[in-house]
(Lines of atoms letter the chains of each structure in order from A; the text may use other names.)
(Lines give C-alpha, C1' and ligand atoms only; values in the text may rest on other atoms or scores of the structure.)
Protein backbone atom coordinates (compact mmCIF):
# COMPACT_ATOMS: atom_id res chain seq x y z
CA UNK A 1 0.00 0.00 0.00
CA UNK A 2 1.79 3.10 -1.26
CA UNK A 3 -0.95 5.73 -0.81
CA UNK A 4 -2.79 6.83 2.30
CA UNK A 5 -6.37 5.47 2.38
CA UNK A 6 -7.83 5.26 5.89
CA UNK A 7 -10.66 2.89 4.98
CA UNK A 8 -8.37 0.54 3.09
CA UNK A 9 -5.80 0.57 5.88
CA UNK A 10 -8.49 -0.10 8.50
CA UNK A 11 -9.81 -3.02 6.45
CA UNK A 12 -6.32 -4.46 6.20
CA UNK A 13 -5.61 -4.07 9.91
CA UNK A 14 -8.91 -5.55 11.07
CA UNK A 15 -9.43 -8.30 8.50
CA UNK A 16 -5.88 -9.44 7.80
CA UNK A 17 -4.34 -9.00 11.28
CA UNK A 18 -0.94 -9.25 9.63
CA UNK A 19 1.12 -11.08 8.68
CA UNK A 20 3.33 -8.00 8.65
CA UNK A 21 2.20 -4.39 8.37
CA UNK A 22 5.64 -3.33 7.19
CA UNK A 23 5.48 -5.78 4.29
CA UNK A 24 2.12 -4.43 3.12
CA UNK A 25 2.36 -0.70 3.88
CA UNK A 26 5.03 1.78 2.84
CA UNK A 27 6.63 3.87 5.55
CA UNK A 28 5.23 6.93 3.74
CA UNK A 29 1.70 5.74 4.56
CA UNK A 30 2.49 5.58 8.28
CA UNK A 31 4.12 9.03 8.08
CA UNK A 32 0.81 10.33 6.75
CA UNK A 33 -1.18 8.50 9.43
CA UNK A 34 1.00 10.17 12.07
CA UNK A 35 0.64 13.58 10.43
CA UNK A 36 -3.14 13.40 10.25
CA UNK A 37 -3.47 12.02 13.79
CA UNK A 38 -1.26 14.83 15.06
CA UNK A 39 -3.50 17.39 13.37
CA UNK A 40 -6.56 15.92 15.08
CA UNK A 41 -4.84 15.95 18.49
CA UNK A 42 -3.85 19.58 17.98
CA UNK A 43 -7.44 20.52 17.11
CA UNK A 44 -8.83 19.18 20.41
CA UNK A 45 -8.23 20.32 24.01
CA UNK A 46 -5.43 18.95 26.16
CA UNK A 47 -8.16 18.30 28.77
CA UNK A 48 -10.93 16.37 27.04
CA UNK A 49 -14.46 16.93 28.37
CA UNK A 50 -16.47 13.91 27.27
CA UNK A 51 -20.10 12.91 27.57
CA UNK A 52 -21.07 9.34 28.47
CA UNK A 53 -21.59 6.62 27.48
CA UNK A 54 -17.96 5.70 26.87
CA UNK A 55 -15.76 2.60 27.11
CA UNK A 56 -12.55 3.30 29.07
CA UNK A 57 -9.52 1.13 28.24
CA UNK A 58 -6.19 0.84 30.04
CA UNK A 59 -2.74 -0.27 28.87
CA UNK A 60 -2.55 -2.19 25.58
CA UNK A 61 1.25 -2.43 25.11
CA UNK A 62 1.28 -3.79 21.58
CA UNK A 63 -1.04 -6.73 22.35
CA UNK A 64 -2.87 -6.25 19.09
CA UNK A 65 -5.00 -9.38 19.12
CA UNK A 66 -6.28 -8.43 22.58
CA UNK A 67 -7.12 -4.93 21.29
CA UNK A 68 -9.24 -6.52 18.58
CA UNK A 69 -10.96 -8.66 21.22
CA UNK A 70 -12.08 -5.45 22.94
CA UNK A 71 -13.55 -4.04 19.75
CA UNK A 72 -15.17 -7.36 18.85
CA UNK A 73 -16.94 -7.57 22.20
CA UNK A 74 -17.74 -3.91 22.93
CA UNK A 75 -18.26 -2.74 19.35
CA UNK A 76 -16.07 -1.36 16.62
CA UNK A 77 -16.01 2.44 16.31
CA UNK A 78 -18.23 4.35 15.89
CA UNK A 79 -20.85 1.99 17.34
CA UNK A 80 -19.23 2.59 20.74
CA UNK A 81 -17.35 5.62 22.09
CA UNK A 82 -13.86 4.92 23.42
CA UNK A 83 -11.35 6.57 25.73
CA UNK A 84 -7.92 4.93 25.97
CA UNK A 85 -5.65 5.87 28.86
CA UNK A 86 -2.24 5.47 27.20
CA UNK A 87 0.60 2.95 26.87
CA UNK A 88 -0.19 1.66 23.40
CA UNK A 89 3.39 0.73 22.50
CA UNK A 90 6.39 -1.14 23.99
CA UNK A 91 6.78 -4.63 25.38
CA UNK A 92 4.25 -6.32 23.06
CA UNK A 93 4.97 -7.83 19.65
CA UNK A 94 2.55 -5.83 17.45
CA UNK A 95 3.23 -2.23 18.39
CA UNK A 96 2.96 -0.93 14.83
CA UNK A 97 -0.39 -2.58 14.16
CA UNK A 98 -1.71 -1.39 17.52
CA UNK A 99 -0.79 2.26 17.14
CA UNK A 100 -1.68 2.33 13.43
CA UNK A 101 -5.20 1.05 14.16
CA UNK A 102 -5.72 3.46 17.04
CA UNK A 103 -4.47 6.43 15.02
CA UNK A 104 -6.67 5.47 12.05
CA UNK A 105 -9.74 5.35 14.27
CA UNK A 106 -8.78 8.71 15.78
CA UNK A 107 -8.56 10.23 12.30
CA UNK A 108 -11.80 8.67 11.05
CA UNK A 109 -13.92 9.21 14.18
CA UNK A 110 -12.38 12.20 16.00
CA UNK A 111 -15.51 12.88 18.11
CA UNK A 112 -16.09 9.29 19.17
CA UNK A 113 -12.58 7.96 19.75
CA UNK A 114 -10.09 9.45 22.19
CA UNK A 115 -6.48 8.62 23.10
CA UNK A 116 -4.65 9.97 26.14
CA UNK A 117 -0.89 10.01 26.40
CA UNK A 118 0.83 7.42 28.57
CA UNK A 119 4.37 7.37 29.89
CA UNK A 120 5.36 5.03 27.03
CA UNK A 121 4.23 7.65 24.52
CA UNK A 122 7.48 9.50 25.21
CA UNK A 123 10.67 9.06 23.22
CA UNK A 124 12.91 8.45 26.22
CA UNK A 125 10.81 5.43 27.18
CA UNK A 126 9.82 3.93 23.83
CA UNK A 127 13.40 4.15 22.59
CA UNK A 128 14.28 1.55 25.22
CA UNK A 129 11.31 -0.78 25.76
CA UNK A 130 10.64 -2.10 22.28
CA UNK A 131 8.86 0.36 19.99
CA UNK A 132 11.93 1.81 18.29
CA UNK A 133 13.52 -1.62 18.01
CA UNK A 134 10.37 -3.02 16.35
CA UNK A 135 10.32 -0.20 13.79
CA UNK A 136 13.98 -0.80 13.01
CA UNK A 137 13.48 -4.55 12.66
CA UNK A 138 10.49 -4.17 10.37
CA UNK A 139 11.43 -1.11 8.29
CA UNK A 140 15.20 -1.30 8.32
CA UNK A 141 17.99 0.83 9.72
CA UNK A 142 17.65 3.66 7.18
CA UNK A 143 13.91 4.34 7.51
CA UNK A 144 13.26 3.54 11.14
CA UNK A 145 14.69 6.71 12.70
CA UNK A 146 12.52 9.28 10.89
CA UNK A 147 9.40 7.10 11.30
CA UNK A 148 10.01 6.60 15.02
CA UNK A 149 10.50 10.35 15.44
CA UNK A 150 7.29 11.05 13.52
CA UNK A 151 5.31 8.82 15.84
CA UNK A 152 6.78 10.67 18.81
CA UNK A 153 5.87 14.03 17.27
CA UNK A 154 2.27 12.81 17.13
CA UNK A 155 2.51 11.51 20.71
CA UNK A 156 3.72 14.93 21.86
CA UNK A 157 0.38 16.49 20.88
CA UNK A 158 -1.86 13.98 22.65
CA UNK A 159 -4.17 15.09 25.46
CA UNK A 160 -3.12 14.19 28.98
CA UNK A 161 -6.40 14.06 30.90
CA UNK A 162 -10.14 13.66 30.31
CA UNK A 163 -13.24 14.33 32.40
CA UNK A 164 -16.34 12.23 31.74
CA UNK A 165 -19.67 13.85 32.55
CA UNK A 166 -17.91 16.51 34.59
CA UNK A 167 -17.38 14.03 37.47
CA UNK A 168 -14.88 11.30 36.45
CA UNK A 169 -11.27 12.39 35.97
CA UNK A 170 -9.12 10.12 33.79
CA UNK A 171 -5.36 10.02 33.22
CA UNK A 172 -2.67 7.42 32.64
CA UNK A 173 -0.77 7.58 35.92
CA UNK A 174 -2.22 9.49 38.82
CA UNK A 175 -2.32 12.65 40.89
CA UNK A 176 0.32 15.32 41.40
CA UNK A 177 1.29 17.55 44.33
CA UNK A 178 1.31 20.34 41.71
CA UNK A 179 -2.37 19.82 40.82
CA UNK A 180 -4.80 22.15 42.58
CA UNK A 181 -7.45 23.15 40.02
CA UNK A 182 -9.07 21.87 36.82
CA UNK A 183 -7.85 25.04 35.14
CA UNK A 184 -4.28 23.74 35.38
CA UNK A 185 -5.26 20.66 33.37
CA UNK A 186 -6.53 22.90 30.56
CA UNK A 187 -3.21 24.75 30.41
CA UNK A 188 -0.73 21.87 30.25
CA UNK A 189 1.56 22.66 27.30
CA UNK A 190 1.99 20.28 24.40
CA UNK A 191 4.96 19.43 22.25
CA UNK A 192 7.26 18.21 25.00
CA UNK A 193 9.28 15.05 24.53
CA UNK A 194 10.75 14.86 28.02
CA UNK A 195 8.00 14.92 30.67
CA UNK A 196 10.54 16.36 33.07
CA UNK A 197 9.91 19.64 31.26
CA UNK A 198 6.56 19.84 33.08
CA UNK A 199 6.30 18.39 36.58
CA UNK A 200 2.50 18.26 36.55
CA UNK A 201 2.44 16.35 33.25
CA UNK A 202 5.14 13.98 34.50
CA UNK A 203 3.09 13.06 37.58
CA UNK A 204 -0.12 12.61 35.58
CA UNK A 205 1.74 10.06 33.44
CA UNK A 206 3.84 8.36 36.14
CA UNK A 207 2.42 8.52 39.68
CA UNK A 208 0.74 5.61 41.50
CA UNK A 209 -1.70 5.26 44.39
CA UNK A 210 -0.61 3.42 47.51
CA UNK A 211 -3.37 2.88 50.11
CA UNK A 212 -0.79 1.83 52.74
CA UNK A 213 0.78 5.30 53.04
CA UNK A 214 -0.25 8.83 53.92
CA UNK A 215 0.71 11.85 51.90
CA UNK A 216 3.32 11.71 49.17
CA UNK A 217 6.41 9.52 48.86
CA UNK A 218 9.03 9.21 46.12
CA UNK A 219 8.05 6.51 43.64
CA UNK A 220 10.14 3.33 43.38
CA UNK A 221 9.87 3.83 39.59
CA UNK A 222 12.58 6.47 39.96
CA UNK A 223 10.40 9.45 39.07
CA UNK A 224 7.20 11.05 40.36
CA UNK A 225 5.38 9.91 43.50
CA UNK A 226 3.21 7.47 45.36
CA UNK A 227 0.14 9.06 46.95
CA UNK A 228 -2.00 7.89 49.87
CA UNK A 229 -5.75 7.73 50.28
CA UNK A 230 -5.71 11.00 52.20
CA UNK A 231 -4.28 12.73 49.13
CA UNK A 232 -6.84 10.98 46.94
CA UNK A 233 -9.82 12.14 49.02
CA UNK A 234 -8.48 15.68 49.37
CA UNK A 235 -7.90 15.92 45.61
CA UNK A 236 -11.40 14.69 44.79
CA UNK A 237 -12.83 17.42 47.03
CA UNK A 238 -10.50 20.08 45.70
CA UNK A 239 -11.17 19.23 42.03
CA UNK A 240 -14.89 18.61 42.64
CA UNK A 241 -14.87 15.12 41.12
CA UNK A 242 -16.39 11.83 42.23
CA UNK A 243 -13.91 9.35 40.79
CA UNK A 244 -10.42 9.02 39.32
CA UNK A 245 -9.82 6.38 36.66
CA UNK A 246 -6.26 5.54 35.66
CA UNK A 247 -4.14 2.73 34.19
CA UNK A 248 -0.33 2.28 34.44
CA UNK A 249 -0.25 -0.79 36.72
CA UNK A 250 -1.00 -4.42 35.96
CA UNK A 251 -3.77 -5.68 38.25
CA UNK A 252 -4.84 -9.30 38.53
CA UNK A 253 -8.50 -8.93 37.54
CA UNK A 254 -7.93 -6.25 34.91
CA UNK A 255 -9.45 -3.64 37.19
CA UNK A 256 -9.00 -2.75 40.85
CA UNK A 257 -11.14 -0.50 42.99
CA UNK A 258 -9.36 1.50 45.68
CA UNK A 259 -10.70 0.97 49.24
CA UNK A 260 -12.03 4.54 49.23
CA UNK A 261 -14.18 3.74 46.16
CA UNK A 262 -12.81 6.97 44.65
CA UNK A 263 -10.14 5.52 42.35
CA UNK A 264 -10.16 2.67 39.83
CA UNK A 265 -7.19 1.17 37.98
CA UNK A 266 -7.99 -0.32 34.56
CA UNK A 267 -5.48 -2.53 32.74
CA UNK A 268 -6.52 -3.97 29.37
CA UNK A 269 -3.65 -6.31 28.39
CA UNK A 270 -4.41 -9.89 29.56
CA UNK A 271 -1.49 -12.20 30.27
CA UNK A 272 0.71 -9.12 30.21
CA UNK A 273 4.03 -9.76 28.44
CA UNK A 274 3.27 -13.48 28.63
CA UNK A 275 4.51 -13.34 32.23
CA UNK A 276 1.44 -12.44 34.27
CA UNK A 277 -1.64 -14.62 34.39
CA UNK A 278 -3.78 -11.51 34.73
CA UNK A 279 -7.09 -10.74 33.12
CA UNK A 280 -7.53 -7.58 31.10
CA UNK A 281 -10.57 -5.37 31.54
CA UNK A 282 -12.35 -2.30 30.25
CA UNK A 283 -14.77 -0.05 32.09
CA UNK A 284 -18.12 1.01 30.65
CA UNK A 285 -19.46 4.36 31.86
CA UNK A 286 -23.19 4.63 31.18
CA UNK A 287 -25.24 7.80 30.66
CA UNK A 288 -25.84 8.14 34.39
CA UNK A 289 -22.11 7.71 35.12
CA UNK A 290 -22.61 4.20 36.43
CA UNK A 291 -19.51 2.07 35.99
CA UNK A 292 -19.34 -1.61 35.06
CA UNK A 293 -16.55 -3.86 33.83
CA UNK A 294 -15.93 -6.36 31.06
CA UNK A 295 -13.04 -8.77 31.62
CA UNK A 296 -10.89 -10.56 29.07
CA UNK A 297 -9.26 -13.72 30.34
CA UNK A 298 -5.92 -14.88 28.96
CA UNK A 299 -6.32 -17.17 25.98
CA UNK A 300 -5.31 -20.72 26.78
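Think of each number as a place in line: the chain as shown, counted from 1.
Keep in mind that glycine also has a Cβ here, set from the backbone N, Cα and C atoms.
Feature annotation from TrEMBL assigns domain 'Serine/threonine specific protein phosphatases' to 116-121.
Helix, strand and coil counts under DSSP for the domain 'Serine/threonine specific protein phosphatases' (116-121) come to 0 helix, 0 strand, 6 coil. The average pLDDT for the domain 'Serine/threonine specific protein phosphatases' (116-121) in the predicted structure is 98.
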